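A.B. asks: As listed in TrEMBL for this protein:
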type     : residues : note
COMPBIAS : 327-350  : compositional bias 'Gly residues'
COMPBIAS : 352-381  : compositional bias 'Polar residues'
COMPBIAS : 419-437  : compositional bias 'Basic and acidic residues'
DOMAIN   : 42-285   : domain 'Rhodopsin'
REGION   : 327-383  : region 'Disordered'
REGION   : 403-437  : region 'Disordered'
TRANSMEM : 23-46    : transmembrane segment
TRANSMEM : 58-78    : transmembrane segment
TRANSMEM : 98-125   : transmembrane segment
TRANSMEM : 137-164  : transmembrane segment
TRANSMEM : 184-206  : transmembrane segment
TRANSMEM : 218-239  : transmembrane segment
Amino acid sequence: MVILPRRPEHGNVLDIPTPPLQAAGLFVIIFFTALAFVTYCLRAYTRIRTRTWGLDDYLVTFAMIFSLMMVGPFYMYIKLNYFGWRQQDVPPFDPSPGMFWFYLAQLFYNPILALVKASVLCFLYRLGGQKPGVKYAIHFLNAFNGLQAVAVFLVAALQCLPVAANWDFALKADPNTKCIDNAFHVIISCITILTDFAVVLLPFWIFLGLKMPRGAKIAVLGIFMLGLAVTIIGIVRLHGVIKLFYLPKAPDADPYHDITVTLSVVEANIAIVSASAPALRPLFRSLMPSWFAGSSGRYGVNKYNNAYPNSNTPYYSGAAGSVLGGHGQGTHTGSAVRGGGPGSKAGGNGVSRHSSIQLKNLTRSGKNGQHTECRSISPSGSEEEIMTYNGIMRTTDVRVHFDGGRDSTLPAGGADLEESSRASSELKKEQVEKRTL
């Protein structure tokens, strides 16, 4: 029994004429692959520029590589097996070379959807991994998706033994040849659609419970709903598989005048586009800030009298200016906020520029030099301000209560925080003097 495949010989496909329907099928393959590649490049540029490259980006990268490798085999399969032709115009030909390229296309197609779903699940874990139910659901789906990917790839690679029986019909007719039943393709397609639905529903579980503006919530969910298009294409593709293997052929049906086979390419590349869409919003916001303004834009100069200025404008910080500040200027360091000058306990005239406050990291990732940050504005001024390195960030106001009964609600880093802190310190000093007397 020979297991190693042997590619059948064929002529130059460029010598085969291309009728209009076949040209449309080839255009679909090239267009959607190019669309996915451009979207991936924009995603990679955005993540590298904002320094937020993560595991989900590596997974999409591998998916994009498999998608590019799939273009050639599908092109050869369509050309050599005369898809898009009228049956009466198809010349006599050997289908074995085309089936060889189709076998390779199957090997490249199956890992793409699994890698894309794993990427989306990793991204969702970064957003909503703090909820126990969401965390367990993501881990379960990731484990199931990984096991399914390995199983499907092995079965697709060894669906016939010897492997050459996948394209050699004479060898396939040999009684010693073993091939799986066509029901495998239907069952795997059904399982893939179910996992697609589960991944599409996860963002609703995460975001519907968050306290965020309704418009922002709808926009975020709308981006993730692009994955529903992949599920719809998968359902249409499943109908085509069932029609091919189980439904009776109509007497006047033309098996060649059809380009349904291109749905596999469309499904895989739309999955890459939908997985990359959430990562593109920072780029769109930098190009069109009026259209893609995020929540940080609402805390600008007009609302708190420059309490939340741009990252290039200094502001008074409760941590660095009024509590630790003294009379010097606070400066931004790589790991913490420091106030300069004397008087570390009493409030002074310290001024600090916008920076981040380092928090102790309770995860194992801290061993690799990573850290947790509490930011008042996003790492890159982007729409990812809802995220820190390890999860979702919420904006909190500071309420200062004085002994005289007067309350004052201040935003973090407000300009009046220094004065209120000084008044509080003087009031406490008077109380200490009275007790001493």
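Cβ coordinates come from backbone N, Cα and C, glycine included.
Explain the structural surroundings of these features, please.
C.D. replies: Residues 13, 22, 25-26, 29-30, 33, 36-37, 40, 43-44, 84, 97-99, 101-102, 104-105, 108-109, 111-112, 115-116, 118-119, 122, 259, 261-262, 264-265, 268-269, 271-272, 275-276 of the same chain lie 6 or more positions beyond the ends of the transmembrane segment (58-78) yet place their CB under 8 Å from a CB of it.
Residues 5, 7-8, 10, 54-57, 59-60, 62-63, 66-67, 69-70, 72-74, 76-77, 79-81, 134-135, 138, 141-142, 145-146, 148-149, 152-153, 156-157, 163, 166-167, 192, 195-196, 199, 202-203, 206, 227, 230, 264, 267-268, 271-272, 274-275, 278-279 of the same chain, all 6+ positions outside the transmembrane segment (98-125), place their C-beta atoms under 8 angstroms from a C-beta of that stretch.
Residues 1-6, 103, 106-107, 110-111, 114-115, 117-118, 121-122, 124-125, 129, 171-172, 177-180, 184, 188, 191-192, 195, 198-199, 202, 205 of the same chain, all 6+ positions outside the transmembrane segment (137-164), place their C-beta atoms under 8 angstroms from a C-beta of that stretch.
Same-chain residues lying 6+ beyond the ends of the transmembrane segment (184-206) with a Cβ under 8 Å from its Cβ atoms: 113, 117, 120-121, 124, 127-128, 131, 133-134, 137-138, 141, 144-145, 148, 152, 155, 159, 220-221, 224-225, 227-228, 230-231, 234-235, 237-238, 241-242, 245-246.
Listed by sequence, the residues of this chain that lie at least six past the ends of the transmembrane segment (218-239) yet keep a Cβ under 8 A from its Cβ atoms are 113, 120, 186, 189-190, 192-193, 196-197, 199-200, 203-204, 207, 260, 263-264, 266-267, 270-271, 273-275, 277-278, 281.
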A.B. asks: Which residues of the same chain, at least 6 past either end of the transmembrane segment (23-46), have a Cβ under 8 Å from a Cβ in it?
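C.D. replies: Same-chain contacts beyond the flanks: 53, 57, 60-61, 64, 67-68, 70-71, 74-75, 78-79, 83-84, 259, 261-262, 265-266, 268-270, 272-273, 276-277, 279-280, 282-283.
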A.B. asks: If I take every residue in the domain 'Rhodopsin' (42-285) and average their pLDDT values, what number comes out?
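C.D. replies: Looking only at the domain 'Rhodopsin' (42-285), pLDDT averages out to 88.
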